[in-house]
């Protein structure tokens with residue numbers, strides 16, 4: 001034994017030298033790990049946009065479109081569901097709430113699971129889950145089954161959405177992340193008018209089970225899930241956070257080989273920090289700096305979703321009951337708003353990577369105040385159509401920016417869980433909008449609802465501008481290093 005009292009001085013010195021050698025090896029190993037954890041993401045960020053990026057974003061956009069389809073469809077089919085099943089207004093409200101509760105659970109569970117088991121794995125299973133939930137909704141025989149089906153669907157939808165956004169942040173080049181998020185949201189563009197058109201064409205003259213057939217369409221995700229598993233690689237940054245450097249490097253090397261066929265790669269960007277440590281829920285909630293970022297972005301996103309749902313849930317109701325529009329005319333107005341909304345991703349495509357994210361959130365929120373107020377106080381049909389369309393564009397742009405900003409603001413080790421917490425908090429905005437909107441509409445009409453929505457956008461975006469991190473055109477590791485080294 002090295003430290004036995006009977007050991008010779010030579011043996012003791014030998015053991016000391018071995019100990020020092022082991023320390024040097026550990027130091028060298030840590031140095032290699034740190035270098036790889038910095039170099040591999042930098043190599044990923046310098047890549048040009050290539051065919052794999054286009055294929056990945058196309059699959060992700062289709063997935064997001066299916067999630068939005070189910071979310072939007074329920075609002076349009078509620079009257080038909082009531083007529084077909086005999087559910088009361090209160091029961092329909094409970095069913096709707098079950099979906100939102102499921103979304104909160106899905107955001108938290110999906111984020112946490114994606115940090116533990118990988119982004120791709122959770123995306124596959126959550127896609128299967130919301131697809132099965134859509135099928136269960138279509139065949140639900142009673143109130144209790146409908147509640148369970150909508151809860152399960154909500155869990156799957158939001159788990160998939162949360163992981164989608166994290167995947168884009170981690171796997172696409174830093175200088176084009178915003179544009180790829182804009183492309184991702186084109187799934188909304190396709191589905192929003194499609195759902196409105198389907199509702200207009202099929203529900204008024206359809207049979208009692210027409211709504212069930214529409215929900216069956218939402219189960220197409222059962223075909224998308226295998227595609228996700230086969231085509232999308234696991235997130236490089238997730239591999240690094242788990243210490244799986246060889247797997248991360250293999251993915252990057254394949255992408256670099258493809259890029260080199262087109263010409264030489266640019267020099268590696270300057271690495272300003274590393275971001276590799278996997279964090280548990282206790283570590284996330286115990287790290288004041290990470291918790292501060294989560295709190296700031298959560299408040300901003302809560303305000304944006306509250307304003308969005310005040311508009312989305314109450315504008316159509318108000319123009320029917322307040323302005324006297326027929327149900328068919330109201331659906332036509334909603335369809336026009338959804339068609340106008342189609343320009344939102346195109347605007348985002350131009351500005352997302354040119355303006356700092358948090359600044360763009362504030363600017364767009366300020367701009368949205370004008371059409372919000374006009375929609376709230378006007379009785380003219382052309383003004384209502386124009387103002388509603390402008391609100392759809394500006395609110396959609398704010399949410400698109402948040403979709404890019406949320407995962408960028410959180411360190412890799414906590415990105416899934418942190419993003420899930422933020423999105424979960426934001427979903428409470430949808431729940432609050434029902435109660436708050438009813439009180440505002442009952443007291444001050446549509447004007448009170450829309451002015452409050454505008455105020456929410458502006459007030460909560462100011463919090464993000466003052467205290468949120470800068471992320472545009474920056475590496476995720478650089479953002480994390482700056483935030484974690486900042487004074488609090």
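Glycine residues also receive a Cβ, built from the backbone N, Cα and C atoms like all the rest.
A TrEMBL annotation is a machine prediction, not a hand-curated record.
Residues or ranges marked as transmembrane segment by TrEMBL: 49-69 (among others).
According to TrEMBL, the feature domain 'Major facilitator superfamily (MFS) profile' maps to 56-472.
Long-range contacts of the transmembrane segment (89-110) within the same chain, counting only residues at least 6 positions beyond its ends with a Cβ under 8 Å from a Cβ of the stretch, are 71, 74, 78, 81-82, 122, 126, 143, 146-148, 150-163, 416-417, 419-421, 423-424, 427-428, 430-431, 434. Residues or ranges marked as transmembrane segment in TrEMBL: 89-110 (among others).
Counting residues 6+ beyond its ends, the transmembrane segment (122-141) has Cβ neighbours under 8 Å at 63, 66-67, 70, 106, 110, 113-114, 148-150, 152-157, 159-160, 163-164, 167, 212-213, 215-222, 224-226, 228-229, 232, 416 in the same chain. What TrEMBL lists as transmembrane segment is 122-141 (among others).
According to TrEMBL, the feature transmembrane segment maps to 147-168 (among others). With a cut-off of 8 Å between Cβ atoms, the residues of this chain six or more beyond the transmembrane segment (147-168) that come close are 57, 60, 63-64, 67, 70-71, 74, 94-96, 98-107, 109-111, 113-114, 119-120, 122-123, 126-134, 136-137, 140, 177, 180-181, 184, 232, 235, 403-404, 406-407, 415-416, 419-420, 423-424, 427.
According to TrEMBL, the transmembrane segment annotation covers 180-201 (among others).
Here TrEMBL flags 213-232 (among others) as transmembrane segment.
Residues annotated as transmembrane segment in TrEMBL: 290-311 (among others).
Counting residues 6+ beyond its ends, the transmembrane segment (331-352) has Cβ neighbours under 8 Å at 178-179, 181-183, 185-186, 188-189, 192-193, 195-197, 199-200, 316, 319, 325, 360, 384-385, 388-393, 396-397, 400-401, 404, 472 in the same chain. Among the features that TrEMBL reports, transmembrane segment is placed at 331-352 (among others).
Residues 300, 304, 307, 311, 315, 351-352, 383-384, 386-391, 394-395, 397-398, 401-402, 405, 445-451, 453-454, 457-458, 461-462, 464-465 of the same chain sit 6 or more residues outside the transmembrane segment (359-377) yet have a Cβ under 8 Å from a Cβ within it. If you look up TrEMBL, you'll see 359-377 (among others) marked as transmembrane segment.
What TrEMBL lists as transmembrane segment is 383-405 (among others).
Summarising the annotation, TrEMBL assigns transmembrane segment to 417-440 (among others).
When Cβ-Cβ distances below 8 Å are used as the criterion, the transmembrane segment (446-467) is approached by residues 292, 296-297, 299-300, 302-304, 306-308, 310-311, 314-315, 318-319, 322, 358-359, 361-362, 365-366, 368-369, 372-373, 375-377, 391, 395, 398, 405, 436-437, 440 of the same chain, each at least six residues removed from its ends. The transmembrane segment annotation in TrEMBL covers 446-467 (among others).
Each of 49-69, 213-232, 290-311, 383-405 was scored by its Cβ pairs under 8 Å to the transmembrane segment (417-440), and the highest score goes to 290-311. For the transmembrane segment (213-232), the partner stretch with the highest count of Cβ pairs under 8 angstroms, out of 49-69, 180-201, 383-405, is 49-69. Looking just at the domain 'Major facilitator superfamily (MFS) profile' (56-472), the mean pLDDT is 89.
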